[in-house]
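J.: Just lifted these from TrEMBL, have a look:
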DOMAIN    1-91  domain 'Cytochrome oxidase subunit II transmembrane region profile'
DOMAIN    92-225  domain 'Cytochrome oxidase subunit II copper A binding'
TRANSMEM  27-46  transmembrane segment
TRANSMEM  67-87  transmembrane segment
Amino acid sequence: MTTWLNMSLQDGASPIMEQLVFFHDHVLMIMLMITTTVSYMMITLIRNKQTSRFMLEGQMIETTWTIAPAIILVFIAMPSLRLLYLMDEVHNPALTLKAVGHQWYWSYEYSDFTKLEFDSYMIPQEEQQESTFRLLDTDNRIVLPMNSPIRLIVTAADVLHSWTIPSLGVKTDATPGRLNQTSFSINRPGILYGQCSEICGANHSFMPITIESVPAKHFINWASKMSE
């Protein structure tokens, strides 16, 4: 999760988020080069009063500053389109999780199991312990196996919600009467935090999402106990 005064993105916990961070840095470097070049040219024009009768028309310079931005846009568009394709790709899932947004909590169903479903509420402040995070921890965590393709189906029972985990690069709208689908894979163990990022009502900021990423063996043992 993010920390106090952290100006950068969260550490990626999925391959997609790692690629998003790389793309973010890639675009920032291009912006830095453009800003440096334009700033240098503006400062040079201000400090030097250059006049030339031959600069009234310049076919070559006009051609250059028309083609150069197009080339720069290609270098931005190609990795962006690649990422969009990867984010929409749904591989053969090892597990399907259904998330239903309510006012103001989440309920989850593991579609591959018969009796594995629960509601997830934020832990009230008076019941919190020193090891829990305020406004982020829930009474029932989502337990998911790491290094496994997971299909997520999101919907809502009342108003618009948004199921968001920043460190996974996942943000999917929960719309009443509609199923939205996405997929992700967690590449490290740990606890991941997120929140509803849609203004869905007075208590929309109290809809935290907590994922516990564990090895596949631990997940099978947990699922067996929960299904009993």
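Backbone N, Cα and C define each Cβ position, glycine as well.
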J.: Under DSSP, the domain 'Cytochrome oxidase subunit II copper A binding' (92-225) has how many residues in helix, strand and coil?
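T.: Each residue of the domain 'Cytochrome oxidase subunit II copper A binding' (92-225) counted once, the result is 19 helix, 61 strand, 54 coil.
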J.: On the 0 to 100 pLDDT scale, where does the domain 'Cytochrome oxidase subunit II copper A binding' (92-225) sit on average?
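T.: Its mean pLDDT is 89.
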J.: In the same chain, who gets a Cβ under 8 Å from the transmembrane segment (27-46) while lying at least 6 residues past its ends?
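T.: Contacts of the transmembrane segment (27-46) (Cβ under 8 Å, skipping residues fewer than 6 from its ends): 72, 75-76.
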J.: Can you count helix, strand and coil residues in the domain 'Cytochrome oxidase subunit II transmembrane region profile' (1-91) using DSSP?
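T.: Per-class counts: 66 helix, 0 strand, 25 coil.
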